[in-house]
Amino acid sequence: MAAETFLFTSESVNEGHPDKLCDQVSDAVLDACLAQDPDSKVACETCTKTNMVMVFGEITTKATVDYEKIVRDTCRDIGFISDDVGLDADHCKVLVNIEQQSPDIAQGVHGHFTKRPEEVGAGDQGIMFGYATDETPELMPLTHMLATKLGARLTEVRKNGTCAWLRPDGKTQVTIEYLNEGGAMVPVRVHTVLISTQHDETVTNDEIAADLKEHVIKPVIPGKYLDENTIFHLNPSGRFVIGGPHGDAGLTGRKIIIDTYGGWGAHGGGAFSGKDPTKVDRSGAYIARQAAKSIIASGLARRCIVQISYAIGVPEPLSVFVDSYGTGKIPDREILKLVKENFDFRPGMISINLDLKKGGKRFIKTAAYGHFGRDDADFTWEVVKPLKFDKASA
C-alpha cells in the first residue's frame, strides 16, 4: 500500500436486522399519523425480542391509528412470517404504550398548535450535521454507498427468489483504500468486502459464498474497484440460521451511522425514525444534508460538512458552521454566508420547504438503506439548491 493512501470502512445492516425492524415500525407509525393529520406530533420508539414487538412513546394526533396492525404489516413486509426466520408477524405479541406529548413541550415548541410556521421552535436542543463529498454521483462516501447497496441487494435477491436460502437478517461492511487529494477523498480500490447474512438450514457455506459473489457483490461493486488482492469475508462465523429478533434484541435509533454517512463527517447523536419534523434531530439533519450537497453540486468545494445547533422552543439555530476540509473554491466564511442566505433553518420552515408533513409510505422508505444519497422524489432534502458565487474571483 502506497504511503499516501489509507483504509476507511463503513458498515450497513439490511431491513431484517432487529434494530432496523424497529426503525421501520416507528416510521410506519409516523407515516400513518401524518397521512391523516399533517400536524401530528410523534415520538415513537419500538423495541423487539423473541416473539414480541412493543411500540411506546408520545403521540398527539387527530389520526385514528391501529398500532397493532401497523406493527404486524411492517414485520410481514420485511419477511418475518414464521418463528423459523426470527419472528412471526401474525402471531407475535404486540404491546402498545403511547401517551400524549408533554403539555410543557407542546406549549414551548408550537404553542399548542397556535404558532405560525416561522415561529415554531425547535422540539429540543441538539447538534446536527450534514456531509457531502464528490467521490460518487450521489455526493456520498463510496464506502457507505457500497455497504448500503450490498444490503439492499441481499434483500432484493431474497424477495425475488434468486437466492431462496436467504433469510431477512443481514449485515455488510466495505473497506476502501483512499487517496487524500488535498482534502478530497479519491477511492482507489475496494480492499475488503464483508457480508454476514442469515440463511436457512439447507444451504452450505460454499453455496453461500458462490451466490453472494455472483448475485450480490458482482451487480453492486464496479469491477474497476476489485482486483486479485480484494479480500472477501462471506459469512466468516459459519452458521447464521437464527436471526432477527430471535437472535438479538432490537431498538429504534441504534443505527444512526448507517442512517447517515457511514462514519464520515460527524454525527450529533440524535436518531431519525419515529420523529415528526418539529424534532430537529431529523429535520435539522435533513436541511444540513441539503446545504452540504448543494455546496458540492454548485462547485464550491469537493467535500464539506455543515453543523447546526438549536435550543428548545427557539426557532432560529444558535449556530451554523461550514468546513470544506481545505477543498473550497472560496473561503469557508463566504460559503457559510451563501448557506445562510439560501437556507431557512427554522424548524417550521424546514417542514414547509422540504414538505416534511406528508406521510403515506414516505418515511418508512428512509428507515432502511440510508436517509441520504437516495434517488427518490420523497427524499426532498436530496434536491440541490444552486448556490451562485463569483467564479472569476475564485
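Backbone N, Cα and C define each Cβ position, glycine as well.
Copied over from Swiss-Prot:
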type	residues	note
BINDING	E11	Mg(2+) binding site
BINDING	H17, D169, G170, K171, S237, G238, R239, F240, D248, R254, K255, A271, K275, K279	ATP binding site
BINDING	E45	K(+) binding site
BINDING	E58, Q101, D248, K279	L-methionine binding site
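Counting only same-chain residues six or more apart in sequence, the Cβ atoms lying under 8 angstroms from the Cβ of D248 (ATP binding site) belong to P18. Neighbour count (other Cβ atoms within 10 Å of the Cβ, all protein chains): 22 for K279 (L-methionine binding site). For the binding-site residues H17, R239, counting C-beta atoms within 10 A of each C-beta gives the highest total at H17. The Cβ neighbour count for E58 (L-methionine binding site), using a 10 Å radius and every protein chain shown, is 16. In three-state terms derived from DSSP, E11 (Mg(2+) binding site) belongs to an extended strand segment.
Non-local contacts of K275 (ATP binding site) by the CB criterion (under 8 A, 6+ apart in sequence, same chain) comprise L30, V42, A43, C44, D281, R282. E58 (L-methionine binding site) has its Cα within 10 Å of the Cα of these binding-site residues: E45, taken from E45, G170, K255. The highest number of surrounding Cβ atoms within 10 Å, among the binding-site residues Q101, S237, is found at Q101.
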